[in-house]
Amino acid sequence: MKIQKNYVNIIKVIFAVAVLLIPFYITNTYALKIICNVMLYSIIALSVNLIVGFCGQLDFGRAAFAGLGAYFSAVTFNRLGLPFIVCFLGGAIFAALIGCLLGILCRYTSFDYLTLITIGFSEICRKFFINWRPITNGAFGLSTKRPSFFGVTLASHQSMFYFSLILLILCYIVIRRITRSKVGRAFKAIRDDSIAASYAGIDVPNYKVLCFVIGSFFTGLAGAAMVHYTMFTAPTNYTLDESIIMLQMAILGGLGSLPGSIVGAAILIIAPEISRSFYNYRLLFMGIMMVVLMLFAPKGIMGDGGLKDQLVAFVKKNWSKRARKGEHAGV
Amino acid sequence: MSEKKELLKVSNITKQFGGLKAVNDVSFTMYEGEILGIIGPNGAGKTTFFNVISGFDSPTQGKVIFCGTDMTGKNITQYCLKGMARTFQNIRVFNEMSVLDNIMVGMHNVIKTNIWNISMNTKKEKQEEAQAVKNAHEILQYLGIDEFAQESAGNLSYGYQRKVEIGRALASNPKLILLDEPSAGMNDSETIELMGLIRGIMKRGVNIIVIEHNMQFMMNLCDRIAVLNFGTLLTVDTPEKVKNNEEVIQAYLGREEEEEDHAS
Amino acid sequence: MFFQHLVNALSVGSVYALLAIGYNMVYGILEKLNFAHGDVYAVGCFVTYTLMLWQIHPVLAILAGMLVGFVLNLIVERFAYRPVRNAGRIVPTISAVGIAYIMRNFIQAIWGAETYPFSLGFELKSINIGGVVIGTLQLYILAIAIILMVLISMALKYTKWGQSIICISQSIPTAALMGIPVNKVIAMVYGIGAALGVIGGILFCSYYQFIFMGIGFSYGTMKAWMAAIWGGIGSLKGSIIGAMVLGLSEIFVSAYVSSAYKDVFVWLIFIVFILIRPKGMFPAEIAEKI
């Protein structure tokens, strides 16, 4: 047992070192760009997972919150000349405030209405991105600059890699702590049975609001990081389709599993880059993937009883069978 | 008998759904240190009454006073904060959470922490969480289901899920637990075990109101029994007196006897 | 000008009403978010469009389109909805979203992403009453919506199938115990919902005189869903009136408030409304059980 644990730890350390050194052996900027994207989208997938997977609130408007964070950060950075970190965190806090508003609107509504209101909310935000030209530059999109800390600009892809990595690790740790705390248990209780949750003393409406605030904060943070990484954004990045792709990352990875969200984001970001035809039909593939997943593995890849667990169980079963067969053969 | 302390006082409660008065002008007082039973034929308004005195429904008329505070119109959370917990007729455990987590959800208001402590994983948070886990295991041991602590609650059998529900209610350190048909679907030996469990809970200083159909169970367990019929309260009295109450026999026990006569 | 806006609003509303009736069939009875409703019937509309290009009589083409929608939704129900019917709220919803994407991309693969002109072929006249222009097509659409509503209400009330549909809407397990072939009836509801959707979709296309792959979702599912909620989930009368309200708010906001922010205001009005009256204008009484 103990030896096995040591092996696992060694593998973990090797993996961590491998990730840390990625910019040294992957020098191709295109590949680095994809990896950065994966990490930033992972943060969004984590926040979707918090809202949908842990709290059970089906949210179709995540992209709008990424947009709110992105536009707020980019506009304040371009216009007011504030330090980057202020604009960046400001974007996340702005998204969290709007998330709070959405949460307050939705705290008493039923499942269906929440879904509908999130769609409406994201449409409203998108219309503002398109139509509020003096601020957002409308459909032409908005350019901005790379992040800078104390006068040092993160111009290279390598530095952006470390920036995204640190951001992802911080967000992951905080979200993991939240899900394992009293608050996370309250979210899960609301997901499983909101009436029983309220009888356990959980203030269900306020916890729903809290969930939207926390989730929107991280979505906004990732959105702001993305806009400073790509140095450009436009309203087309924040459509309903985008929201559903974000949702699908969390679902594919496994609702309720945090590592799963990263896996899901990685698959859905990398796959379209591998083949052009996949890119053209990515929504079709996503649709098929959604239906197939829901039918055969609603818990995604890494969730409880998801594909990974099914695979492990399958291998174990066949392994023991083969071992037994081997014994028989030996006898 | 020293002076008994009022725990729950219900005065002139009426709950109306459309034209139907599910609960009609019910008043009684419950004192600390007693097990109160509520019986009544199907559709007598027992569960509606529970919903009203636990804040799920607000009464159309009347007042609920719990621990000396007027709780009328307050929501469920406020009732819980005052020290009320309940179980449900159709079991409601958190299916996809572990049994341990189910119990710890019950401790929601016992654990005092905030989002900052959680995100920073401060020493205080760690200590509190460890203490909560310890307490939860104690409750599970008390209920005899500690071996399932890491199991998903939804995978447990019916009887164990009942215990998880009771454990969740206990975990909030309540003054009063409302049990809605706790022995439904249990066999005789399980019912006897349950009776022992409820008495044990009483000894921990928790008061209990219980709804049941099982007459024998109620007669043995309860200190006083309230009888509801078509939403009205017939009587609140000791089991012996209830047994001999004319009205009650006519409304409820009598009919059962008739049925038994038919059967024989 | 006001009356012209009013007439326009009511005609847009009657188009939405047709869409909402089909949507409300499934949504009201099964309480399942049918995200794929619009995209499924859009396939039927495109089939009709193609048949009409081949010089087939519009009525036959519409019937064929309805048949396609009907069969398609039966298949979808069988393979994507039935297996997950009891799997909570999120799973069936995501499955339906998946179907919506499959259908939309299917249309894109076959017919492409272009916008095509669409016309039912007969001449569109209009009546002029004191300067207010009313299109005859608009009157037809309204008439068809009302006739369909009456027919469906009667069918629900007086036929055995209708009664079993109502039973299922109350409780699926009880309906099954009463010997109602639950799976068949639910499949039928989906099929009929899609067939009605095709009628609505085609009249929508002929009203706006175009057809493209997006008609299913943003103009179909979303509008029908909003109209159904305005009116009250499961109420056919409500879905017509809800659709009228939706039409009114769209036309009057863009005429008198702001056309750029039309959607913003329509959504805001809608969100405020459902926060105040979550059960719509004609609510169905359902008590929450503990």
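Just so you know, glycine gets a Cβ as well, placed from its N, Cα and C.
The transmembrane segment annotation in TrEMBL covers A:6-26 (among others). Same-chain residues lying 6 or more positions outside the transmembrane segment (A:6-26) and placing a CB less than 8 Å from one of its CB atoms are 32, 35, 157-158, 161-162, 165.
As annotated by TrEMBL, transmembrane segment applies to A:38-60 (among others).
Annotation source TrEMBL lists transmembrane segment at A:80-104 (among others).
For the transmembrane segment (A:149-175), same-chain residues at least 6 beyond its ends with a Cβ under 8 Å from one of its own Cβ atoms are 19-20, 22-23, 29, 32-33, 35-36, 39-40, 42-43, 46-47, 50, 84-85, 214, 218, 221-222, 225, 229, 258, 262. According to TrEMBL, the feature transmembrane segment maps to A:149-175 (among others).
Summarising the annotation, TrEMBL assigns transmembrane segment to A:209-232 (among others).
Taken from TrEMBL, the feature transmembrane segment applies to A:244-271 (among others).
Annotation source TrEMBL lists transmembrane segment at A:283-301 (among others).
Non-local neighbours of the transmembrane segment (A:283-301) in the same chain are 241, 244-245, 248, 250-257, 260, 263-264, 268, 271, 307-310; each lies 6+ residues outside the stretch with a CB under 8 Å from one of its CB atoms.
Within the chain, the transmembrane segment (A:209-232) has long-range Cβ neighbours (under 8 A, six or more residues past its boundaries) at 36-37, 40-41, 43-44, 46-48, 50-51, 54-55, 57, 59, 62, 65-74, 77, 84, 87-89, 91-96, 98-100, 102-104, 106-107, 141-147, 160, 163-164, 167, 171, 175, 178, 183, 187.
For the transmembrane segment (A:244-271), the list of distant contacts is 34, 37-38, 41-42, 44-46, 48-49, 52-54, 59-60, 62-63, 66, 168, 172, 175-176, 179, 188, 278, 282, 285-286, 289-290, 293, 299-304, 306, 308: same-chain residues at least six beyond its ends, Cβ to Cβ under 8 Å.
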